[in-house]
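Student: Handing you this structure, nothing more for now.
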């Protein structure tokens with residue numbers, strides 16, 4: 001007994017009508033055709049319901065046809081069938097370019113893309129037993145994800161190594177050149193001379209400053225003026241090149257990119273943001289920007305660069321390149337690789353991707369992100385851009401345990417870090433809003449040159465702002481030893497045995513001079529970062545934030561150290577510091593302070609702690625880092641609801657629905673749905689509209705999709721069709737179907753008309769296969785808290801509102817975002833949608 005029988009009227013190639021019987025039992029479909037005119041009957045062949053082929057076999061005047069689902073492949077929906085006056089032509093959906101894809105500045109439909117991938121996977125699994133080729137194809141599909149993230153990790157590691165080497169070399173060009181080997185930076189040039197260089201001068205006999213190159217001495221007023229002018233000139237050259245490249249070739253290459261990456265990973269489409277030109281210009285531009293001495297870092301943009309690599313390489317694997325939801329799994333792994341090569345912290349990179357940027361993070365993405373970050377870190381370590389045994393510049397190793405009482409200053413550093421972060425975010429947002437609304441935004445290159453000139457002029461006199469930010473952080477992190485000549489290590493110590501523990505000692509006058517210079521550097525760095533972050537060059541925020549916190553931490557650490565030296569018998573110091581050994585480590589305070597400010601700026605917690613101990617090697621100081629990170633987050637949340645990346649997402653109006661926020665408003669779906677109860681809903685009917693009616697509806701409305709109902713009177717829901725897919729299907733029909741007329745019926749159902757078409761009547765156009773037969777629906781009484789939760793967790797593009805099965809309206813992601821902003825007393829029209 002057959003489980004289902006379906007009958008359709010069609011025409012054979014000779015013009016006779018044939019009755020098509022489609023029978024299905026146990027998942028196997030058979031197709032029979034009766035030729036009414038000739039009395040002949042032909043039986044089609046059997047196949048699985050998941051096969052993806054359209055076979056048309058003609059025997060005499062009889063068309064023997066077996067119609068199945070087309071390849072549920074990577075980018076297209078099932079095919080579109082066209083009924084013509086001289087026979088029925090079945091067109092495979094893969095012949096319509098763009099079906100199932102998305103326009104620029106639109107939101108993807110996670111559920112539809114994931115369902116399409118599952119259909120494709122089931123099809124491949126079923127075909128594996130057919131032939132060796134299908135078996136190899138199935139194995140390739142199973143391993144394509146791992147191969148893709150492997151390539152992403154390898155490429156990201158190589159690109160990061162090139163950026164690190166190039167930025168280091170160009171940064172040192174501001175100070176001088178290595179005449180014997182001009183491609184060496186200052187540190188490499190001094191390796192062969194076996195001379196010890198200080199952070200303040202950093203020079204050796206093999207390295208010539210620009211005053212020496214121009215025939216002057218190394219020291220003196222004339223040498224200082226020449227070095228000063230060359231510093232400014234190189235900075236302006238690098239900055240102008242970076243800004244010009246961004247403006248001419250890749251406008252999306254400016255900024256850090258993390259706000260946009262978060263938005264893209266949440267399901268938004270920004271064409272070109274992860275393209276090849278953005279990758280090239282961002283890689284070159286970040287080297288130029290860092291070399292210009294601006295208050296920015298290259299670590300944040302490394303996440304954008306890695307995601308560009310992931311996007312480009314995903315197109316080698318159609319499983320990912322032509323499915324937007326699957327592609328975001330690769331982008332999440334690429335973001336982890338970006339942080340891995342930026343800080344040499346593969347585990348921290350995985351947690352950063354999970355905590356900060358990713359929206360959809362299944363377990364297999366966690367494994368692949370871990371693998372991708374591991375490969376990227378291994379490649380970078382093999383390149384060894386920093387010239388040491390570690391893959392990071394800030395690696396330090398402390399051996400002293402911390403005192404329990406030190407949790408108090410550590411928490412205090414967290415509070416200070418949260419306050420500094422809140423001040424920075426508010427000031428930077430104010431300046432960015434001013435830039436957008438004033439004439440300043442019309443001259444981006446001029447703004448870059450002004451900021452660079454002011455930064456270079458004010459930075460050079462202070463040795464702590466003259467050096468690169470990465471060198472300053474390492475200087476603040478490290479522990480004073482025998483060979484340190486910097487002012488921060490001017491203690492009255494008697495170094496007799498290098499291997500013995502360093503005793504507590506009183507600070508010399510140079511230490512207090514260095515502390516005043518650090519205070520000036522703190523103020524300067526804070527102001528410079530406010531005006532720098534957001535200009536039209538690649539710029540990151542991780543390194544400036546770490547620098548601000550490290551300066552505060554080092555000052556507090558020196559204060560605690562001198563307190564322990566002068567009052568060793570206070571009960572809090574009586575145990576560990578009574579022997580006058582080095583019980584207080586100022587570098588540890590710098591590390592904790594750096595984590596505090598970075599945590600306050602970004603609101604990172606778990607990933608921040610892991611990144612910090614991977615970055616510095618200070619595994620035993622996890623508890624101080626955790627205390628400072630939590631205190632910083634609490635203070636930052638109290639003074640401002642968003643971190644800097646979320647704040648810039650709101651500023652730019654990106655449609656990002658944060659999964660961390662709670663929706664506590666007591667409203668119903670009926671309050672948010674469009675249209676309202678007294679307005680008319682734009683719908684398509686399943687079998688009563690002509691091609692002209694459909695085209696008129698699309699001209700009169702701007703909706704991105706239309707519900708399909710049984711009839712306007714009943715309003716019972718049939719499905720949902722996207723505007724883009726409908727446009728593409730109609731355009732393809734005009735090219736492929738000769739008899740298509742404006743009066744042709746458009747059918748979103750498999751049921752043919754009850755009566756055969758009369759001679760001269762145009763045959764209907766069947767578009768059922770571009771119809772989503774299972775759209776997500778809710779009732780009008782569903783609480784909006786539940787609706788918002790569905791949009792967040794299911795990644796919905798829209799949901800349909802019904803009442804007793806009758807369609808009432810539609811709620812889109814745009815409607816939800818605007819409603820949330822309206823309840824928060826913000827401008828609902830600031831959400832960016834096409």
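First residue shown is number 1, and so on along the chain.
Yeah, the Cβs are placed from backbone N, Cα and C, and that goes for glycine too.
Annotations per TrEMBL:
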REGION    29-51  region 'Disordered'
TRANSMEM  143-165  transmembrane segment
TRANSMEM  228-250  transmembrane segment
TRANSMEM  270-290  transmembrane segment
TRANSMEM  302-318  transmembrane segment
TRANSMEM  330-354  transmembrane segment
TRANSMEM  403-429  transmembrane segment
TRANSMEM  441-460  transmembrane segment
TRANSMEM  514-534  transmembrane segment
TRANSMEM  541-560  transmembrane segment
TRANSMEM  588-613  transmembrane segment
DOMAIN    673-737  domain 'CBS'
DOMAIN    771-828  domain 'CBS'
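Are these features on the surface or tucked inside, and what are their neighbours?
Tutor: Proximity of distant same-chain residues to the transmembrane segment (228-250), defined by a Cβ-Cβ separation under 8 Å and at least 6 residues beyond the stretch ends, is recorded for 170, 173-175, 210, 275, 277-278, 280-282, 284-285, 288-289, 291-294, 444-445, 448-449, 451-453, 455-457, 460, 466, 535-538.
Long-range Cβ contacts of the transmembrane segment (403-429) within its own chain (Cβ-Cβ under 8 Å, at least 6 residues beyond either end) map to 526, 529-530, 533-534, 545, 548-549, 552-553, 556, 560, 572-573, 575-576, 583-584, 589, 592-593, 595-601, 623-624, 627-636, 638-640, 642-644, 647-648, 651.
For the transmembrane segment (441-460), the list of distant contacts is 228, 231-232, 235-236, 239-240, 242-244, 247, 292-295, 435, 466, 524, 528, 531-532, 535-537: same-chain residues at least six beyond its ends, Cβ to Cβ under 8 Å.
Distant neighbours of the transmembrane segment (588-613): 339, 343, 345, 347-349, 351-352, 354-356, 396, 398, 400, 402, 409-410, 413-414, 416-422, 424-425, 473, 476-477, 541-542, 545-554, 556-557, 560, 619, 621-622, 624-626, 628-633, 635-637, 642-646; these residues of the same chain sit at least 6 beyond its ends, with a Cβ under 8 Å from one of its Cβ atoms.
Averaged across the domain 'CBS' (673-737), pLDDT for the predicted model comes to 86.
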Student: Of the stretches 143-165, 302-318, 330-354, 514-534, 541-560, which racks up the most C-beta pairs under 8 Å with the transmembrane segment (270-290)?
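Tutor: Looking only at 143-165, 302-318, 330-354, 514-534, 541-560, the most contacts with the transmembrane segment (270-290) come from 302-318.
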Student: Provide the three-state DSSP residue tally for the domain 'CBS' (771-828): helix first, then strand, then coil.
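Tutor: Result for the domain 'CBS' (771-828), in helix, strand, coil order: 23 helix, 18 strand, 17 coil.
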Student: Per DSSP, how many helix, strand and coil residues does the domain 'CBS' (673-737) have?
Tutor: 24 helix, 17 strand, 24 coil
